[in-house]
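Enquirer: As annotated in TrEMBL:
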type	residues	note
BINDING	Cys420, Cys424, Cys447, His453, His456, Cys459, Cys479, His482	Zn(2+) binding site
COMPBIAS	363-372	compositional bias 'Polar residues'
COMPBIAS	373-382	compositional bias 'Acidic residues'
DOMAIN	415-492	domain 'Recombination activating protein 2 PHD'
REGION	358-382	region 'Disordered'
Amino acid sequence: MSLQVASAISNSSLLQPGFSLLNFEGHVFFFGQKGWPKRSCPTGVFLLDIKQNELKMKPAFFSKDSCYLPPLRYPALCTLRGNAESDEYQYIIHGGKTPNNDLSDKIYVMSLVSKNSKKTTLQCVEKDLGGDVPEARYGHTINVVHSRGKSMSVIFGGRAYTPLAQRTTEKWNSVVDCLPSVFLVDFEFGCCTSYVLPELQDGLAFHVSVARNDTIYILGGHSLQNNTRSPSLYKLKVDLPLGSPAVTCTILPGGISVSSAIVTQTSDSEFVLVGGYESDNQKRLVCNTIVLEDSKIEIVERASPDWTPDIKHCRMWFGCDMGKGSVLLGIPGANKQLISDANYFYILRCKGAEEDQEEELTAQISSQTSTEDPGDSTPFEDSEEFCFSAEANSFDVDDTDTYNEDDEEDESETGYWITCSASCNIDINTWVPFYSTELNKPAMILCSSGAGHWVHAQCMDLSESMLLRLSEANVKYFCNEHVDLNKELQTPKKVVHLKKQPMKPLRKKTTMKLTTPAKKSFLRRLFE
């Protein structure tokens, strides 16, 4: 095993505990950045360019038929193949935390559409589920099992927020272990079924799971209720006949009391277990080899790498499986670097260079991180734990279009992330799409007061229908702070007086002028 420093990493502040790695055709993609995506990479997914132990990030793009995917940290992730021997695969992403600490209960399927030296296009599709849908969670695992020519996903463990009925003001965001239920997810029909097994008594989070054919092995994990790390080794066997599936659990000897360990695959039947935590603040520097043969598992200790003094003395570390027997490790650099959220990174290689040329491995690995955010009532308040993902390996791509966060505008002062008004509540770190037309930035509208200024439509309490009408109509808009002022300063409109039609003059009565004799004759005839 060899340990090398990954130097000159660009934008390392985006790589915080809880991120994941995806591997498509030997190319590694980073997912789960810190904060919400910016305009330079609206998808929040980056291609990691790894050359001579240097890491660079390039934006990846989504196809037009893709759904919106928030940057999720601590999700469960694994590969989905058509069958156990298939070379083509997709990635399943379930659960996780959004940048504003909301938990997701959605499940996504990610696949590669096209890849060249200039642009990488991915497709992300959200799957609709029914039945016993797993609750929103993080720190859990998902695996795919194959039995009798059929495949299903298995979800287990994790943590969730305390149910609303049990929350108090003091512990509103406290977390609890999820119930120890096993969920089977049929992607063909979108059906979920939960199973309660007597062997699984405690909810576990940040455990390690390794799947092979119809069997899943669950190792370690932490229980909040007991504040213990399970020393048990569980074997889940899933049978998929024509009727209802059957799930059985067996407790095996030889487990390891550890949480948040990284597993990387070195051969078809051999895996390496790296690091983890023995206690709340004690890292586990011992490494193990896991061998799977038929329906048996063997775990033995192996020689550890020559850990650097920085790694030995730091209280927390995090990382991801890079596949092909390689692991990306990170330690905080807050006390050693000018940038407080920057980190040091290392690449740990668990096998020789000749073995790196082997064909892509078919067995699946799924594991998790356990870093807790401030405010969570967990034993890991003073430590950060590992994040794990699926296979990956180093690759060679040119340096064009390398993502550089420094090239972006400072959107905290200008652009979309301004304080538009006294009541503005838009924060780049907590914002989530409000209108259906929003993707990675808030909708804004121009106030015509004075020289004009932009305001957030959400802060102005505009409905989506009103926002659409204002954007289509050629009218001036005034924000809530200037609408009254505009009325006071507005020149009164000229009053248009209605023209009154002249009335027709009345006809003059005709009178007869009678002479005296004629008048007497007329009166005489009138009264006769």
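Counting starts with 1 at the first residue shown.
Cβ coordinates come from backbone N, Cα and C, glycine included.
Situate these features within the shown structure.
Expert: Taking all protein chains in view, 16 other C-beta atoms sit within 10 angstroms of the C-beta of His453 (Zn(2+) binding site).
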Enquirer: Using the CB centroid of Cys420, Cys424, Cys447, His453, His456, Cys459, Cys479, His482 as the Zn(2+) site centre, which other residues of the same chain sit with their CB within 8 A?
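Expert: What remains near the Cβ centre is Ser421, Ile445, Trp454, Val455, Met460, Asn480, Glu481.
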Enquirer: Can you count the other CB atoms that lie within 10 A of the CB of Cys479 (Zn(2+) binding site)?
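Expert: A count of 20.
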Enquirer: Around Cys459 (Zn(2+) binding site), which residues of its chain at least 6 apart sit with Cβ under 8 Å of its Cβ?
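Expert: Residues satisfying the criterion: Cys420, Ser421, Ser423, Cys424, Asn425, Ile426.
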Enquirer: Which of Cys420, Cys424, Cys447 has the fewest nearby Cβ atoms, counting only those within 10 Å, among these binding-site residues?
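Expert: It is Cys424 that, of the binding-site residues Cys420, Cys424, Cys447, has the fewest other Cβ atoms within 10 Å.
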Enquirer: Ranked by the number of other Cβ atoms within 10 Å of their own Cβ, which of the binding-site residues His456, His482 ranks first?
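Expert: Per the Cβ count within 10 Å, the most buried is His456.
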